[in-house]
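Student: If you look up Swiss-Prot, you'll see Asp78, Asp120, Lys121, Glu441 marked as Mg(2+) binding site, on the strength of sequence analysis. Feature annotation from Swiss-Prot assigns [2Fe-2S] cluster binding site to Cys119, Cys191; the stated evidence is sequence analysis. What Swiss-Prot records for Lys121 is N6-carboxylysine. The feature active site, proton acceptor is assigned by Swiss-Prot to Ser467.
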Amino acid sequence: MRSDVIKKGIERAPHRSLFKAMGFTDEELERPLIGVANSFNELIPGHIHLRKIAEAVKAGIRMAGGTPLEFNTIGICDGIAMNHLGMKYSLPSRELIADSVELVARVYHFDGIVVIASCDKIIPGMLMAIARLNIPAIFVSGGPMLPGRFKGEYVDVKTVFEAVGAVKAGKMSYEELKLLENFACPGCGSCAGMFTANTMNALTEALGISLPWNGTAPAPYAHRIRIAKETGMQIVKLVEKDVKARDILTREAFEDAIAVDMALGGSTNTVLHLMAIANEAKVDLSLEDFDRISEKTPTLAKLSPAGKHFVVDLYEAGGILGVMKRLSELGLIHEDRLTVSLKTVGELLKSAFVSRDDVIRPVTNPYHPRGGIMILRGTLAPNGAVIKVSAVEGVEVFEGPAKVFDSEEEATAAILSGKIERGDVVVIRYEGPKGGPGMREMLTPTSAIAGMGLDKDVALVTDGRFSGATRGLSVGHVSPEAAEGGPIALVKDGDIIRIDLKNKRIDLLVDEEELRKRREEWKPKVKELTGYLKRYSTLVTSANTGAILRH
């Protein structure tokens, strides 16, 4: 066993003595040592209940003859971090989480590991770690939150974000907003829609690195505890057969995950995260792969923020395997690849079902013939940009004058004070991975635009990124970013920007000679940075490569 390095032989008597100081018996030390990386904290609704999940995982490990060793890592709630300095630290936390899990796992030579997380950057951080470690590993989440009910309607945190704009526009009273706060998020779990957290949870199941139903079983349901126990039991089987993370995280697995992502109309953040995880798994994944798979994958679901359904509806309709079953009809799923269940995808699909065609549409009646995420290129984004087309309605071409802001705060203030008009293209720059630094999510400005009823008439373009809760004509991940001298740094108020979804282009309609003059005059904005952000900004790469760190 890998763990023999720290527990076998006469030289390891001191090591065993230290284990015994924690109450471990000789018999426990003879068994496989299974790391349990928990991200429980009292800071995130999706993580507040993870102690219970970890206890179930550990029970399963013991039942199967292993010895669990639990440790913790950090986690940040993107919703609470939104629209202030805190959001600069969200994406950078992904790398810290991966590094912290790697550090502990390397020191203790775990025979296998179970990683537990529910929310935005913690999930990819955990997956990056297990891909890097390449030992037997399974991911398990705490599950999605249930939607709330307010005045007879289902609501979620997106409803509250958009209500802020509605209050500013005089469409809702502040007293009604205060009431809504109490009902939108009814309990534990990752926010109820197909936002970043739940998209990533869904993709762990599509990748095959979690057990069936992990992607959708709601946080309050007993099914979630059963999945956690089964995960604990299954990791011991993976150790016995020495099935490692990269045996699961193959190129075919990533292609299937992208197909599921496109069918669900998932968060644009998945583009960053899947590329970062693939990088650790030694799989070459690029924006071209997302574009290629999106072109042939129909959008089969419209969950919040794009539609009226929530993740609990997807669970009841057949879950992620139900989506994969539908996609397999088009030959879009690699059915012969292995999953952590030790069954192939094809074997799992034999028991898959779809019980609600209104939630998971048939491939003959999709919401859209192509996938929910589109890669744009053009003179404004030579290296690519990303848009969630599943959250855009009735717009194929949008052309308008730019209103340029060098920070999210400036843009939000302008939107809420009524300075943005129908037909405008709001440009928010110097918010990229390096320039932010940290590539903040622009949920507050996009929600304000939507809440004021302008989401079909105003576009937003940024080198930052978006929450999975964002809807409307929102183009993010513009690359190269402003801090690296990308064309977005040269945009001026009044410049015409054209977004053409039919031809997958985003162009700055300014002649080359004028841009050449502007480039000669351009000077990068210098921000005074300290601590982790200073180190991060010097090491982080572009959004079009997953915003990973240079090694």
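Just so it is clear, glycine is given a Cβ too, placed from its N, Cα and C backbone atoms.
Each of the listed features needs to be described in terms of its position in the shown structure.
Tutor: Secondary structure at Asp78 (Mg(2+) binding site), taken from DSSP and collapsed to helix, strand or coil, is helix.
In sequence order, Ile44, Gly46, His47, Gly75, Cys77, Asp78, Ser190, Ala197 constitute the residues six or more apart from Cys119 ([2Fe-2S] cluster binding site) in its chain with CB-CB distances below 8 Å.
The number of other CB atoms found within 10 A of the CB of Lys121 (Mg(2+) binding site), across every protein chain shown, is 29.
Here Ser467 (active site, proton acceptor) comes close to Asp78, Met82, Phe195, Thr196, Ser267, Asn269, Glu441, Met442, Leu443, Thr446: these same-chain residues lie at least six apart in sequence, with C-beta atoms under 8 angstroms from its C-beta.
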Student: How many other Cβ atoms sit within 10 Å of the Cβ of Glu441 (Mg(2+) binding site)?
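Tutor: Result for Glu441 (Mg(2+) binding site): 32 neighbouring Cβ atoms inside 10 Å.
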Student: Near the Mg(2+) site, what residues other than Asp78, Asp120, Lys121, Glu441 in the same chain have a C-beta no further than 8 Å from the centroid of the listed C-beta atoms?
Tutor: Ile76, Ala81, Met87, Ser90, Leu91, Cys119, Thr196, Ala197, Asn269, Ser467
Student: I'd like to know which of the binding-site residues Asp78, Asp120 has the most other Cβ atoms within 10 Å of its Cβ.
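Tutor: The residue with the densest Cβ neighbourhood is Asp120.
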Student: If you skip the near sequence neighbours and keep only those at least six away, which residues in the chain come within under 8 angstroms of Cys191 ([2Fe-2S] cluster binding site), Cβ to Cβ?
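Tutor: The list for Cys191 ([2Fe-2S] cluster binding site) reads Pro45, Gly46, Gly79, Pro144, Met145, Asp156, Val157, Lys158, Cys185, Ala197, Asn198, Ala469, given in order along the sequence.
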Student: Going by DSSP, is Glu441 (Mg(2+) binding site) part of a helix, a strand, or coil?
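Tutor: DSSP assigns Glu441 (Mg(2+) binding site) to strand.
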